[in-house]
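Colleague: In case it helps, TrEMBL gives these features for our protein:
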| type | residues | note |
| --- | --- | --- |
| DISULFID | Cys62-Cys136 | disulfide bond |
| DISULFID | Cys91-Cys102 | disulfide bond |
| DOMAIN | 174-440 | domain 'Calcineurin-like phosphoesterase' |
| BINDING | Asp181, His183, Asp252, His439 | Zn(2+) 1 binding site |
| DISULFID | Cys196-Cys201 | disulfide bond |
| DISULFID | Cys202-Cys225 | disulfide bond |
| BINDING | Asp252, Asn291, His403, His437 | Zn(2+) 2 binding site |
Amino acid sequence: MNTVIVLFKRLTDNMRSPTTLRLFSCVPLLLSTVFAASNVVSLDDCPSCDTLKPAIQNVDDCPSCLALLSAFQSIALTGDDPFITTLTSLCIGLGTADPDVCTGLIAREGPILAHDLRSISITPTSGPSSTAQKLCDALMGMCVTHPVTPFTVPFPKPAPAHPKVFKSRGGKPIRVAHLSDVHIDRMYTVGAEANCTKSICCRDFDDSPPTPPTVPALPNGNSHCDSPISLADSMLEEIERLNPRFSIFTGDVVEGATWLVDQAKVTTDLQAFDAQMAAKLSAPIFPSLGNHDSAPVNAFARASSHAMNDSQFVFDTQSAGWEQWIKSAAAFEVKHHSGSYSAQVPGLGLRIVAVNTQYWYKQNFWLYDSDVFQPDPNGVIAFLVDALQAAEDAGDRAWIIGHIPLGKEDTMIDQSNYFDQVLQRYRNTIAGMFFGHSHKDQFEIAYSNYSAQTAENAVGVALIGPALTPTSGNPAFKFYDIDPDTFEVMDASVFFTNISESGFRIRRNPTWNLYYSARTTYGPLVGLPPNEPLSPAFWHNLTEVFVTNETAFQMFNTFISRGGAVTPCTGGDAGECKNTTICDMRAFRSENNCDTPAEGFSLRRRGVDQIRSDADACEGTGLAQVFSRMFGV
C-alpha cells in the first residue's frame, strides 16, 4: 500500500508535466488494487484519498484539470463502487457537506460521472478531447475557452422575401401569468430548524439535532428553505384572482434536497403540482420542464447513451399531467420528443413552443459520455425548427418557453449558438421568449450582429421569470400585458410577497402586491411611446440608460431579487460588477456573456453562509457544487 501511495504522490506532485500525463496510463491497475480493498466512510479511513490531495492542490489550469480527471478516470475504470466510495470519502473527509448529503448525492450522480470517464479519452496522444475539456468546464470551471463548434442549423425553407406583417389594432391587452421555479418542499415542517447546515432547511432530516431549533420554520416559508405547499397555494390563488387568459410555467417543481430525491419522489412531486395548478387555476397552463424535474437532478440522458436510468418517466408523467391544458397532440409530443411540445393557445393565433433546455445544460452529466460531437441532442433544436416553420406557414406567431436561458454561463455555448441561428431565421414569427432557472428577474437581448450591439440590431429578448422559492429573494411571479394582434409584450409586472414583513410571518395567507411595472418604471427612462411594445430595442435602450444612470441601475439590481436578497454592486468592484451585469443583459448567446469563471483552486473548507450563497441559484446542491466546495473553487 505504501509503495502505491508514494508512486501516486510522485505522479501527482507535478500534474502538468508531459511525463506525468503519460505515466497516468499506468495508474488504473495500481488504483484498482487500492480501492478494491477499500470500504471507507471518511478521509481518515481512506489513505488513497490522501494521495489525491497533491493532485487537487496542483489543479490551477486546464492541463492540470485534465490530469486530475485522468486520475479519477483510473478509479472509474475499476467500477462504480470504488469511484463512489472515493468521492464520498473525499466529500465527507474534507467537510464539503454533511455526511448524508455527500453520501446521497454522490450515490445518485456519481455513476453517471463514472460512466462518462469510462467512455471518453481524456489525454490521448493527439491531444485532449473536446468532451474532456467541456467536462472540466462543467465540474471545475476550467478549460472554458474552447470555441463554438461550427454547425449550421438546417431549415426546411428560406426566410420569406415578404414576411407577414403583424400590426396592432390597439385592442385591449391579453393578460398572461408567468410562474417559475416553485421548488415546493412537500416535507416542509413548521417548527423545524430553519438555520441548518444543509443547502435547504425547514424539514426534519435524519441527522437533525434533538435540541430545540434556533430559528423555527414558520408557516409561509424562510429564506433558507424551499417553498411550503401553503406558499404555492397562495401564489396560485393570487394569479387566479388576477384572471389571466392563460399562464406559462418555466419549470422546476422539485425541491432542492437533491441528495434525497429519487424517481418516485420526482413523480409524486410533479403529479402533485399538476393537481395544484388544476385545482387553483381555471385558465389554460402551458408548462415546461426544469433541471430539477428529474432524478438524479439535471439528468436527462441522450438517446445515444442507452441509459437504464433515463428520464422517460418524466416525459410519461408530464404527458399525462399536462394533456388537460395542451391537448392530446402536444401531450404525445412531450412523451415522444423528450419533453418538448407545440400547442395552440385556444382562440388565438399564437402557438406555445416548449423546449427541454436541459439537453444544453452543462450540469447534465449525460452530455459527456462520448467523444463524438452531437450538435442537437435528442433533436430538440430540430423539433423547434419544425414547430416554428409550422407556425410561419400558418401565419401564426409563436412564443418559446423553456427553463434555462440561452445566455447563462451554465448553458453549452454550442447549442446556445445554434438556438440563436433559429431565432435569427424565425424572428418574424417569434413574438416572445420566456425562461426561468436563475431565480432572478432578468432579461437577455439577442442581436443580428453581436459585435455591434445597438437598438437597431436588437432582434429578440428573453424575459426571465423570478422564483417562488424564498431562497433567492422575495417570492414572486410575473404578469404580462400582451397585444392581442401581435402577441408582443406591452408591459411586464412583478407581483411579490415580502418575507420580511411581519404579516408574512404570522398571517395564514401571505399578501401579494404589485412590486413594479416595467412600462411605468422604465418607460419614462427611455422615452417609450404610449402604444409601443417592450421590444428588443426598448430593452437595449434601457441598458444604455443603466450605463450612465447609476440610480436606475441600482434600482434594477434591487429588482433582481425583488428586494429580498440584494447583492451589492457598488464599492471598489462596482465598475466590474456593473459592466458584467450589463454585458449579461446583452448576451442571449452564452458565448457573449461575461461570467466566465476564473481558473484555480485553493483547498479549504467553506462556511455555511458561502455554501448557501452558492446554492441560491437554481442548481442548489449538485455534483459540480460538491466538486467546487471540495476543492475550494
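Just so you know, glycine gets a Cβ as well, placed from its N, Cα and C.
Automatic prediction, not curation, is the source of TrEMBL annotations.
Just so it is clear, the model here is predicted, and its values are computed rather than measured.
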Colleague: On the 0 to 100 pLDDT scale, where does the domain 'Calcineurin-like phosphoesterase' (174-440) sit on average?
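Modeller: Here the predicted model's pLDDT, averaged over the domain 'Calcineurin-like phosphoesterase' (174-440), is 96.
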Colleague: Using C-alpha atoms, which one of the disulfide-bonded residues Cys62, Cys91, Cys202, Cys225 comes nearest to His439 (Zn(2+) 1 binding site)?
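Modeller: Closest by Cα distance to His439 (Zn(2+) 1 binding site) among the disulfide-bonded residues Cys62, Cys91, Cys202, Cys225: Cys225.
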Colleague: Between Asn291 (Zn(2+) 2 binding site) and Asp252 (Zn(2+) 1 binding site), how many Å separate their Cα atoms?
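Modeller: Their Cα atoms are separated by 6 Å.
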Colleague: Compare the C-alpha of His183 (Zn(2+) 1 binding site) with the C-alpha of each of the disulfide-bonded residues Cys91, Cys102, Cys196, Cys225, and give the closest one.
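Modeller: Spatially nearest to His183 (Zn(2+) 1 binding site) by Cα position is Cys225.
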Colleague: Near Asp252 (Zn(2+) 1 binding site), which recorded positions out of Cys62, Cys225, His437 have their CA within 10 Å?
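Modeller: The recorded positions close to Asp252 (Zn(2+) 1 binding site) (Cα within 10 Å), listed in sequence order, are His437.
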Colleague: Sorry to bug you, but what's the C-alpha spacing from Asp181 (Zn(2+) 1 binding site) to Cys201 (disulfide bond), rounded to the closest Å?
Modeller: 17
Colleague: Do me a favour and check the Cα-Cα span between Cys225 (disulfide bond) and Cys62 (disulfide bond); whole Å is fine.
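Modeller: Counting only the Cα atoms, the answer is 36 Å.
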Colleague: Among the recorded positions Cys91, Asp181, Cys196, His437, report those whose Cα falls within 10 Å of that of Cys136 (disulfide bond); none is a fine answer.
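Modeller: Cα filter at 10 Å returns nothing.
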Colleague: Take the Cβ of Cys136 (disulfide bond) and count every other Cβ within 10 Å, whichever protein chain it belongs to.
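Modeller: Excluding its own Cβ, the number within 10 Å is 27.
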Colleague: Which of the binding-site residues listed here (Asp181, His403, His437) have a Cα atom within 10 Å of the Cα of Cys102 (disulfide bond)?
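Modeller: Within 10 Å of Cys102 (disulfide bond): none of them.
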Colleague: Taking only the recorded positions Cys62, Cys91, Asp181, Cys196, Cys202, which one has a CA atom nearest to the CA atom of His437 (Zn(2+) 2 binding site)?
Modeller: Asp181
